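Per Swiss-Prot, region 'Calmodulin-binding' is recorded for 449-470. The topological domain 'Extracellular' annotation in Swiss-Prot covers 1-38, 104-165, 310-315, 396-414 and is backed by sequence analysis. According to Swiss-Prot, the feature topological domain 'Cytoplasmic' maps to 60-82, 187-288, 337-374, 436-542. Per Swiss-Prot, the feature transmembrane segment maps to 39-59, 83-103, 166-186, 289-309, 316-336, 375-395, 415-435.
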Amino acid sequence: MITRSRCRRSLLWFLVFHGGATATGAPSGGKELSQTPTWAVAVVCTFLILISHLLEKGLQRLANWLWKKHKNSLLEALEKIKAELMILGFISLLLTFGEPYILKICVPRKAALSMLPCLSEDTVLFQKLAPSSLSRHLLAAGDTSINCKQGSEPLITLKGLHQLHILLFFLAIFHIVYSLITMMLSRLKIRGWKKWEQETLSNDYEFSIDHSRLRLTHETSFVREHTSFWTTTPFFFYVGCFFRQFFVSVERTDYLTLRHGFISAHLAPGRKFNFQRYIKRSLEDDFKLVVGISPVLWASFVIFLLFNVNGWRTLFWASIPPLLIILAVGTKLQAIMATMALEIVETHAVVQGMPLVQGSDRYFWFDCPQLLLHLIHFALFQNAFQITHFFWIWYSFGLKSCFHKDFNLVVSKLFLCLGALILCSYITLPLYALVTQMGSHMKKAVFDEQMAKALKKWHKDIKLKKGKARKLPSKTLGVSESFSLSSSSSATTLHRSKTTGHSSNIIYYKQEDEEDEMSDLEAGAEDAIDRIQQQEMQFHNS
């Protein structure tokens, strides 16, 4: 196993640095390797080997640290980053070894001069030259690999192939860096909710959720914040939700109300549960998707290259959809909270304790909360690509090249990308991590490997006790994307149940010794185990 892992890492860095070495610059007609001093070859090889070895050890130390800290989701995200780098290395190898064959592909001259991204003076001159003069002009420019017949041109030149090589490396590196910045800002936002979580240990919070305390529904803080005169009209409802995400994306009442609804639906009363830590783990679990580059995203990258034609202003127009997607997702998330508040008002005139929100997948587009994450992922990739393209143009052609004729438009595009980064990282993604907990199922981020083993062990013990002739009425146990533990008895279910307008009286105890405090994960596991034991006792009594 260790040998396979080392071989994989060695292959990864060979692919990456082999491609990086071939993509660092345009080739020249200098001496071959047989005419190069041996000391020069040895120095270059030593440099590449040392750098690759240091990076490999750095990633390995990071992986070991994540494993010791039980950051399994981030560890999987790191493995996905390695996989993306390996894909990049394979693309690099294909470009390198396929270079002689790609350069031999010729296309008609008319096709070669169509859909150009940059119409330079040389291109205008080429369009006026005769085919024979065009070939002589290209040969004089140093492109000696052209062997096309009269009236044809190479599909892509050697210099263009190396510039494309550099673009692919820029894309992979900037996407990873962009994703890391997004994750850091999101975690910073969620860290600010820790003070709200600590409030749940106070006596004031216990009083606020006391079911013996009657209040009018419209007087509760959550309902007041999300219902007003503008919520009665659909148009103003969404306009209000749109602007709300910029000023008060998540308030204290939002966090405490959604936390109360989540615990009432998925956990037993009286259990200690760190909801803020659970959201942080859930965000880390979603990061595995955000950091990857799917075939759909690669296809969007190719489509952009296809339509990046001179005069179409593709660079500017392509920077608008990511921002619109992020704004639409943020508006939808705010609308979900407002809808839950409206349903409380329509259903109950009086509530006991804290309002109990009823979460469901029906609040989300196509009953799929995961769709919002895919939209965020697409917007982040497109935004990262816009920034990548800007720096690639600057590196390869210069800041004031023909790609940046309208420099004011370029600056506007960069501000849009920066605004989308801040909006998505600090507002939309944390809001998504909170609101999607109101779906129909609990995410697996609440469980770690130790808990999964404990649950499976209990499952196995119960099956052994029952024997082949006896079987529980209904048991579904395991760790998956949505954890479910159901029974024929309505009293022993982890699924969301209908409310009558009052909430459970959840009591929290402060522990004097922090070391003896049961973690939220252990509490969730013990809760599931208790329910299994109850099922077993009910079965024996019957």
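Residue numbers in this text run from 1 along the chain shown.
Backbone N, Cα and C atoms are what each Cβ position is placed from, and that goes for glycine too.
Counted over residue pairs 6 or more apart, the CB atoms of the transmembrane segment (83-103) and the transmembrane segment (166-186) come under 8 Å in at least three pairs, which marks the two as touching. The stretch in closest packing with the transmembrane segment (166-186), judged by the count of Cβ pairs under 8 Å and taken from 289-309, 316-336, 375-395, 415-435, is 375-395. With a cut-off of 8 Å on Cβ pairs spaced 6 or more residues apart, the transmembrane segment (415-435) and the transmembrane segment (289-309) reach fewer than 3 such pairs and are scored as not touching. In the predicted structure, the topological domain 'Cytoplasmic' (436-542) carries a mean pLDDT of 50.
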